[in-house]
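Novice: As annotated in Swiss-Prot:
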- H224: active site (ACT_SITE)
- K226: active site (ACT_SITE)
- D231: active site (ACT_SITE)
- H404: active site (ACT_SITE)
- K406: active site (ACT_SITE)
- D411: active site (ACT_SITE)
- 219-246: domain 'PLD phosphodiesterase 1' (DOMAIN)
- 399-426: domain 'PLD phosphodiesterase 2' (DOMAIN)
- 3-23: transmembrane segment (TRANSMEM)
- 38-58: transmembrane segment (TRANSMEM)
Amino acid sequence: MTTVYTLVSWLAILGYWLLIAGVTLRILMKRRAVPSAMAWLLIIYILPLVGIIAYLAVGELHLGKRRAERARAMWPSTAKWLNDLKACKHIFAEENSSVAAPLFKLCERRQGIAGVKGNQLQLMTESDDVMQALIRDIQLARHNIEMVFYIWQPGGMADQVAESLMAAARRGIHCRLMLDSAGSVAFFHSPWPELMRNAGIEVVEALKVNLMRVFLRRMDLRQHRKMIMIDNYIAYTGSMNMVDPRYFKQDAGVGQWIDLMARMEGPIATAMGIIYSCDWEIETGKRILPPPPDVNIMPFEQASGHTIHTIASGPGFPEDLIHQALLTAAYSAREYLIMTTPYFVPSDDLLHAICTAAQRGVDVSIILPRKNDSMLVGWASRAFFTELLAAGVKVYQFEGGLLHTKSVLVDGELSLVGTVNLDMRSLWLNFEITLAIDDKGFGADLAAVQDDYISRSRLLDARLWLKRPLWQRVAERLFYFFSPLL
């Protein structure tokens with residue numbers, strides 16, 4: 001009996017160490033950033049069982065077999081659609097400003113399509129204004145409405161949008177709504193999904209959370225885009241979820257969420273529509289390519305039109321493109337660079353690009369919320385402040401609520417707005433969208449918004465920062481070490 005017990009014990013110990021060795025080897029063989037690999041190895045060797053389970057659940061990018069097959073299957077038809085779109089030469093920009101040219105060329109080479117011109121663009125900073133404009137557009141819709149959001153929180157004006165969407169569906173408008181399962185959990189546990197489906201709206205719960213499949217698909221891979229397309233002519237995107245700030249996370253202690261959205265008219269709606277169609281096919285298996293270019297796209301030739309490029313990320317989309325776009329934008333800056341983000345946990349490359357810009361004389365400012373709804377990210381962000389301040393970067397802490405806007409402005413001419421946070425999750429994991437806009441007029445509008453944010457912020461004093469308590473420094477370094485995993 002003792003011999004059997006001893007044998008089982010030795011086999012268990014051997015299996016335990018073989019499991020650790022196997023996972024270690026898998027981490028080392030995967031092409032990933034060194035800080036990320038080191039952080040995973042530390043967790044696994046300090047808390048082996050917890051670390052191994054965590055790594056198998058969220059350590060690698062698993063879209064899931066069914067979705068991965070759909071992603072592969074959709075590309076031939078998507079590529080053909082893009083080639084057909086290229087025949088509409090009048091919608092594509094032939095040249096860009098000197099500051100935007102490198103980024104637009106990068107996007108064209110990697111996505112197979114140039115930036116589109118002739119778009120009308122309106123920047124919106126008040127949630128009420130966004131929802132009122134959206135309700136008007138829904139009421140005037142003639143053919144189709146597509147929406148995707150990370151969060152749809154019932155209550156307030158979000159319910160008015162839902163009512164207008166159901167009214168549109170009842171009068172024959174084809175309405176599709178895709179919401180992230182985790183972000184919109186309150187919505188899916190409310191009466192709204194059934195009400196909408198009964199009205200004729202196609203409602204899809206994207207990347208459904210299923211603990212039984214935790215090792216088959218990465219559960220923290222989320223659908224983080226916020227997009228609306230109406231009649232393949234009007235489009236919205238930005239940082240705002242479908243929530244009324246007066247009813248959203250009021251007990252979080254961070255104040256109301258401050259967002260930014262862009263309302264657009266023109267060919268950009270078609271460029272965003274193909275992104276939506278890819279997401280829809282990956283999730284449902286149904287192909288809904290936008291109408292052919294000769295039916296959908298009007299010959300916009302206004303001199304006042306904006307040139308815009310869409311940058312999409314996520315499984316099935318060009319790998320690392322949003323990260324490359326941010327690096328390109330930072331290195332293109334000659335006069336000033338202003339970045340706004342709620343979550344700042346950058347890659348080493350992006351941090352280096354930001355600091356290098358400041359060190360070569362560019363006026364660099366980063367605007368972050370003083371209070372954050374994520375304690376982990378809040379502490380991890382602080383770990384980067386010393387290096388930023390030493391390089392000459394101005395760090396502003398916004399005090400008027402949770403600043404949720406994601407924006408970048410380069411030399412007043414190249415603007416980036418969308419859903420991308422400056423953290424690892426947005427850069428390399430989630431389904432995201434960013435608009436790159438090459439236009440001085442829009443740059444001036446964005447600069448005015450950012451100036452307003454700065455006026456409601458406190459500039460971090462480098463001397464006072466260096467005098468912060470020791471316990472804060474220890475906490476920052478601890479969270480910094482695990483920042484590649486956040």
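Placed from the backbone N, Cα and C atoms, the Cβ positions cover glycine too.
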Novice: Against which stretches of its own chain does the transmembrane segment (3-23) lie, if we need a Cβ under 8 Å and a gap of at least six residues from its ends?
Specialist: 44-45, 48, 52, 55-56
Novice: Tell me the Cα distance separating D231 (active site) from H404 (active site), rounded to the nearest angstrom.
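Specialist: Cα-Cα distance, H404 (active site) to D231 (active site): 28 Å.
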Novice: So among the active-site residues D231, D411, who's got the most Cβ atoms within 10 Å?
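Specialist: The residue with the most neighbouring Cβ atoms within 10 Å is D411.
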Novice: Enter the number of other CB atoms within 10 angstroms of the CB of K406 (active site).
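Specialist: Excluding its own Cβ, the number within 10 Å is 24.
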Novice: Given D411 (active site) and K226 (active site), what distance in Å do their CA atoms have, once rounded to a whole number?
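Specialist: K226 (active site) has its Cα 26 Å from the Cα of D411 (active site).
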Novice: Given a separation of at least six residues and a C-beta threshold under 8 Å, show me what packs close to H224 (active site) in the same chain.
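Specialist: For H224 (active site), the qualifying residues are Y150, D180, G183, T419, S426, N430, F431, E432.
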Novice: Restricting attention to the domain 'PLD phosphodiesterase 1' (219-246), give the mean pLDDT.
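Specialist: The average pLDDT of the model in the domain 'PLD phosphodiesterase 1' (219-246) works out to 92.
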Novice: Sort out the sequence-distant neighbours of K226 (active site) for me: same chain, 6+ apart, CB within less than 8 Å of its CB, listed by position.
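Specialist: K226 (active site) has long-range Cβ partners V148, F149, Y150, Y236, T237, G238, S239, M240, N241, M242, M261, T419, I433.
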Novice: What does DSSP say about H224 (active site): helix, strand or coil?
Specialist: coil
Novice: In whole Å, how far does the CA atom of D231 (active site) lie from that of K406 (active site)?
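Specialist: K406 (active site) has its Cα 27 Å from the Cα of D231 (active site).
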Novice: Residues sitting near the domain 'PLD phosphodiesterase 1' (219-246): Cβ under 8 Å, six or more positions beyond its termini, same chain?
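Specialist: Distal contacts: 57-58, 61-63, 124, 127, 130-131, 134, 137-138, 141-153, 155-158, 161, 178-180, 182-183, 206-207, 209, 211, 256-257, 259-266, 268-270, 272-273, 275-276, 279, 283, 290-291, 296, 298, 315, 404-406, 417-419, 425-426, 429-433, 435.
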Novice: Count the other Cβ atoms sitting within 10 Å of the Cβ of H404 (active site), across every protein chain shown.
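Specialist: I get 23 for this one.
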Novice: With DSSP, how much of the domain 'PLD phosphodiesterase 2' (399-426) is helix, how much strand and how much coil, in residues?
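Specialist: Residue counts in helix, strand and coil order: 3 helix, 13 strand, 12 coil.
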